[in-house]
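Data block below; observations after.
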Amino acid sequence: MAPQMYEFHLPLSPEELLKSGGVNQYVVQEVLSIKHLPPQLRAFQAAFRAQGPLAMLQHFDTIYSILHHFRSIDPGLKEDTLQFLIKVVSRHSQELPAILDDTTLSGSDRNAHLNALKMNCYALIRLLESFETMASQTNLVDLDLGGKGKKARTKAAHGFDWEEERQPILQLLTQLLQLDIRHLWNHSIIEEEFVSLVTGCCYRLLENPTINHQKNRPTREAITHLLGVALTRYNHMLSATVKIIQMLQHFEHLAPVLVAAVSLWATDYGMKSIVGEIVREIGQKCPQELSRDPSGTKGFAAFLTELAERVPAILMSSMCILLDHLDGENYMMRNAVLAAMAEMVLQVLSGDQLEAAARDTRDQFLDTLQAHGHDVNSFVRSRVLQLFTRIVQQKALPLTRFQAVVALAVGRLADKSVLVCKNAIQLLASFLANNPFSCKLSDADLAGPLQKETQKLQEMRAQRRTAAASAVLDPEEEWEAMLPELKSTLQQLLQLPQGEEEIPEQIANTETTEDVKGRIYQLLAKASYKKAIILTREATGHFQESEPFSHIDPEESEETRLLNILGLIFKGPAASTQEKNPRESTGNMVTGQTVCKNKPNMSDPEESRGNDELVKQEMLVQYLQDAYSFSRKITEAIGIISKMMYENTTTVVQEVIEFFVMVFQFGVPQALFGVRRMLPLIWSKEPGVREAVLNAYRQLYLNPKGDSARAKAQALIQNLSLLLVDASVGTIQCLEEILCEFVQKDELKPAVTQLLWERATEKVACCPLERCSSVMLLGMMARGKPEIVGSNLDTLVSIGLDEKFPQDYRLAQQVCHAIANISDRRKPSLGKRHPPFRLPQEHRLFERLRETVTKGFVHPDPLWIPFKEVAVTLIYQLAEGPEVICAQILQGCAKQALEKLEEKRTSQEDPKESPAMLPTFLLMNLLSLAGDVALQQLVHLEQAVSGELCRRRVLREEQEHKTKDPKEKNTSSETTMEEELGLVGATADDTEAELIRGICEMELLDGKQTLAAFVPLLLKVCNNPGLYSNPDLSAAASLALGKFCMISATFCDSQLRLLFTMLEKSPLPIVRSNLMVATGDLAIRFPNLVDPWTPHLYARLRDPAQQVRKTAGLVMTHLILKDMVKVKGQVSEMAVLLIDPEPQIAALAKNFFNELSHKGNAIYNLLPDIISRLSDPELGVEEEPFHTIMKQLLSYITKDKQTESLVEKLCQRFRTSRTERQQRDLAYCVSQLPLTERGLRKMLDNFDCFGDKLSDESIFSAFLSVVGKLRRGAKPEGKAIIDEFEQKLRACHTRGLDGIKELEIGQAGSQRAPSAKKPSTGSRYQPLASTASDNDFVTPEPRRTTRRHPNTQQRASKKKPKVVFSSDESSEEDLSAEMTEDETPKKTTPILRASARRHRS
């Protein structure tokens, strides 16, 4: 068939070209074999050189055959074919303009060019797609083989780099489509198949996941421009819209690519309508359908979000279509629509020059954003806060919205979602950084100016009202105001007899009507009503023909007539007459009337200025009010955020730290609290948190403002000193760690150290507190670089321990702390060969310490005791033979005490008087000093002496090893084996430890030792609280006794009863608190001795004193987490602290359970006992507190097996519950567990246990809440069992257990649970013991009862003898504070040092 006679139909699939489908339709005649392809291609090339692009009409079968065998042919042939087809199409596109412009073109020639065009384009595009398919497969192989050699593999597969060839082909097709090729078709209507052929190729290229890589950017741009031409010239919009929607649903990587394309079409190609079409398609998607297609929804959401960023103005007109998705289930679509709104606010609807309609739109968008700040989905709430953060950062939020959005952010701080909390903090930080009010936000500083300016505004408004009232009163109003009095005056005048009238007002002959009217007006204005009336009566006779005096009605009374005339004169006609006939010579009338009537006009400039001032003042007050409200909100936020500083999530903690840095920089006074509160985080195990704290303090303190290095150093020292004011020991230790870090990294300039020394030595004038803080800072820095203090030791001794009196003990104490940091006690060991750093006994430091302590002993200074404690510690830490120095100090102080006592005796005149008494403070000082020496002597023996013994042994062994003959080393293989196993060293360590223990037990408190001399005195004070009732003395004596008990197990055992008596019965909280610490230390040192007394330790957790409860909580936390005490049901006392009114104690308890939850199944094992104790009517807590505690504890149960086991035990516990309250508690606990389907089956299996209790509404509600939770995450197959459980619940609730039998579900022969009988008082716990499966829930005996002997069958009936702490007691026998013999625990249970796992099992 001649080429001009057939028609080439574009096929949907290549196989269609092999079949005849109609008259004159082109059909491939033969698919050539592979071996014939190269010569046929060469023939095609020869024909092309002769005939041009029309050569394709005779050689299409060759190209078709190449496409057919594409996978099998040689890469070189593929490349040659591609290059040749590019050349053919390019040549055709160059020739077509002339052909299209040829008016003489015949139909057959036009048809030939149309066929050639379609064949050329079809061949080139199919070849492009074939290469693209092979490239995609190669990329998949590359993912398996790795990235190396990828280009080489691609080149091997194709014979060239395909990625570089795509762009030229696409540009060639674009160039071709830009021609007016539609004239080749009949009626100039291009066929849809041709457009689909070209555009379909573009869409297939876009499906490649690598298309959005940076290297493929030229290809993306070429595709975009090709599709842009198809949109503008070939009516491709509808098809493009449908295709884009489909691709967004199926290809997640395409959202940013399509956004870039659509943005380009809308702007450069003027196709704005495509944005509306695509958005309309997305808007019409059913929300339920989107919730089932997360992949498609993700694509739509990403597309809308990025499109709003690029073309917000174009998208804004279509926003109404998307609003339905704000109510849809899918949170991603809500986020996308909200993000689009935010972009429009940022890019289109910002600024002060918006029109009213634009402002309304902006306000609607912001209202929507605020509303979704409370969205049910945490990701939406979080996104809203992020969007508001951007809006605030770009200053696009109207000032009128500040308070509302800040309030939203503050409210979201309490959100359950960590992500929401984090973004709320970021939003508040953005508000601070971009607030329009002030760089310093202190509500205290703002309150004064606000009050002052508000008062000024009120005064200005009052003046304004007064001026307005007096300046321009309406004449009608004035007339109405004067009318009553005017009438009264007129009636009085008219009632007077004719002869008694006052002298009439004279009217001069020269006066005109206007003059007289002016006079009347002035008289009325001055309230001279009588004269005005008389003059009016006179004028009615004088001017009978002139208005208004000529207006006389015979029927009117004289009173009415005169009032009418006066009214006309005052209210207007006089003024109008004056305007018509002004006269300067009329004086009073003209002047008066002009002033009255024109006063507002004359004061217009003044009034305008007044209005401006009032407006300015109103704006100032509004500004101050907004600033004050903003500051108050930030202050409120600080309180909430500070509580989040110890969250488990690292990112939240980092945000909190950054927030406080910013707040501090803005001068908010409460920020210092947060800056101090973050200090303990320096000990965090999370490197990110620790580094955040260090960075915070770098920002706040290491870069102060100042013109010089010295000025900066001064500011830095001043800021750090403020942190030390009223700081606790813990705060100081944290700050010391931070400064140590800075010093080690040389971040503190030498000028800082220099200035600190100048202040410490008083070279720079400073107050005593500043001097003290300087020494403290020097001591902290010495942790990092000991030479800071070590090189100036004598100077430091002179500063704090000089010979002046009275001594500044606070400064002396800080000097001791600073000197202590020059030793290596906190440094990593350099090896046991190096002797510890010690100073000789004769060193001036110890002379001054001995003298200062001894001299201060006899003076009642409260600061002497803490100084003395630090001094004793320093002596034992740095001195050679510290026990000698401290013995001298003890002897010197005791000698002075005896001297004082002797002075008292000699001063008594009558020897029969009561024996001389030592001043209380001296006795307190003496016992406190003895206690400190006792404890430090113990520490010295167990650390320093033991360490030195070990060091010398190691050196001795090394020396012996060196001197041994080589033959001797191999003689004893047994010895070598022991050495390798470390048995020799371990035995030696045990020997040394035994030696130290023997010294402590046998020697330190032996009668010949110095410390032993103080024991009788100490025991006498502790045993006689009535005789020695001074609180400070009691505190010192109890603490000293605890320290003495640490030395010897024998002494400790003999005094434990006394210690625990004081712990329980002392009326002084400080004594109970001190003894709680002491007994905690004893529990670690002598666990077997203290174990029987453990219930007394737990008892302090319910102490009425807040200080004691806090100390007890800390001590028990330490003991339990270190496995030093057995954890039983008594741990419920720790649980009660979760509801303590003191926030610090509650936080301590929460932290305890957080840590305990990390110890395997600890909390799971304890829960049964805790629930039993807390729900016990006599020992437990109220119902609401019980809920709070259990909600926290049950949150730690996360394992399915634990949950299932607990559910079973709790259900069975219903059988043995004694009260309705216990049943409600159990139901609540069940409702708080994270139940699964297996847990629900356990509940169904044990339904009989609680079915008869469901008539109680609260129990029924608790179980219904379980059903609600299970439904939320239930799978379709699990819903049946949930329905079954709910039906059972409802049946039992309405009809009791009999209702179950009416239901045809569950087990047919379910038995009714026996009705729970109330147990008798005598056998209160019997039901629990009888239930084998509920052993874990047996309520232990109340803690308040004493331990019984094994054969005791009933509670002791005797009451404990109470000890009365009274100063009126007469004899020492009656003053005994010890427990009686039967109160002392007899059975001691050794505590085995087993692993935590064994201990818990």
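Placement of Cβ uses the backbone N, Cα and C atoms for every residue, glycine included.
S585 is the residue among S546, S576, S585 that Swiss-Prot labels phosphoserine. Residue annotated by Swiss-Prot as phosphoserine (from the set S20, S378, S1029): S20. When you go through S708, S1205, S1367 in Swiss-Prot, the residue listed as phosphoserine is S1367. Looking at S108, S291, S1315, Swiss-Prot tags one of them with phosphoserine, and that residue is S1315. Swiss-Prot records phosphothreonine for one of T1094, T1339, namely T1339. Every protein chain shown contributes to the tally, and the Cβ of S20 (phosphoserine) ends up with 8 other Cβ atoms within 10 Å. For the motif 'Bipartite nuclear localization signal' (1342-1362), the mean pLDDT of the prediction comes to 38.
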